[in-house]
């Protein structure tokens, strides 16, 4: 099941389905009245209308105002059931962890339907509002990923702020270590540990004398690590063992009411082993934590009761299945993109899964760096708050309401229409195609109302603006203008970036020097338009129109940069 907010620019896309939909239950006196009211909410861009999908098929539409359902229309009444109706309501309200479902009706309901509501846990009030209290058995699923695990601490910080609690935690590798910290409720300890972490505090090997701030130095460090791993059948995990012994408390674990499961892998059979930490012997649970995080053959295996165990990621790097087997009704999944096997798990329709997975790269897996860890904590924190609707944006985080975001896109469209006669707004089909192409590089939902923000984020990303801050649109516009006008590589040279992985170095070289990279395409297109500055306006408009047909995404980014530089948006 998928539920999406409907934008005014998508009116034509949904009109046919809405026109054939039928009301359930009686929010209005007639089906036509309900349809008309729904379409009015869409047209006015009130951010209250939603579409409900099952696969690619639209199943229903609903309207939410003041945390109450005010309208519900079904697309195919012959194939729709009351069970599906109640499941949609549960899914929708639980998606944002609301305390209750509330439905405001205007018409009367017959006794049979009243009985159905009562059987599904609803209660009636005198104000025509039907409510149902919601209960949760929420699981936090923490994936493996070594040094990238700092992101999970930021997620935890945000979840504490929005008041989400857990009945169950499952974790693999670094996810198991962070899970143990969450079970102990030691947030400050966890944050302090990650902000001060270094590779030598986790692994024992003779490090290279070269700085890891260059690609050559980083390769030298990796080489030293690899040699030590080969010579010792895995780098010693004694520093990690000391960290576990000094950080985790048997007393706190025993006091916790949260069920905690971790995953490790027995060798040489490579059999997955799930440990219920709350139930295991007191003198062994720290060993199981070490075993789950022992990324063999880079790290030495852990011996427990005459058997050897290694990283749980070999069989189950993101243990969603364990959470479901333990009866989770909601899963908050934190995937830090670590190496390993991610199982294909079929999640029941009535289980809500929120997956938190940053679009940004998070550095190396086995080389730990305090600066990079602090950045990843902040990314996890901001992206979780965005997932709960506290902020806007995808790559970046904005403290802006919908009207300001919408206005940015409108002004940009007016600018290109006036300057280049690009009448994008006059063709809904063209808008739809442009949004689809933009989505391929933006990696999130794109529609006309947020197109200005999308272009702003893509420009900021291409210019390596930090994503670990909360911006207003004006603040990010100002940063970009300063960078372009002063031709500086970094806005604030004092800000540290942290350890960059080999993959990130290679990507940087690709973007900077490969002719077909997105960055180089924008540079060449900008130069092409600049060369055309001396030709007649009509010829230039014709040239831009031709490019728009072939490279709409790239051209819009170049024109948006021009829009900003000329101060049209202030």
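Even glycines carry a Cβ here, placed using N, Cα and C.
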_Between the candidate ranges 171-175, 176-180, 181-185, where does TrEMBL place the motif 'GXSXG' annotation?_
171-175
*State the residue range annotated as motif 'GXGXXG' by TrEMBL; the candidates are 144-149, 150-155, 156-161, 162-167.*
144-149
*At the Cα level, what's the spacing in Å between residue 311 (active site, proton acceptor) and residue 173 (active site, nucleophile), rounded?*
6
*Residues with Cβ closer than 8 Å to the Cβ of residue 173 (active site, nucleophile), same chain and 6+ apart in sequence?*
143, 144, 145, 146, 149, 292, 293, 295, 311, 312, 313, 317, 338, 340
_Treating G and I as helix alongside H, and B as strand alongside E, what does DSSP give for the motif 'GXGXXG' (144-149) in helix, strand and coil?_
4 helix, 0 strand, 2 coil
*Would you count the other CB atoms within 10 A of the CB of residue 311 (active site, proton acceptor), including those on all shown protein chains?*
29
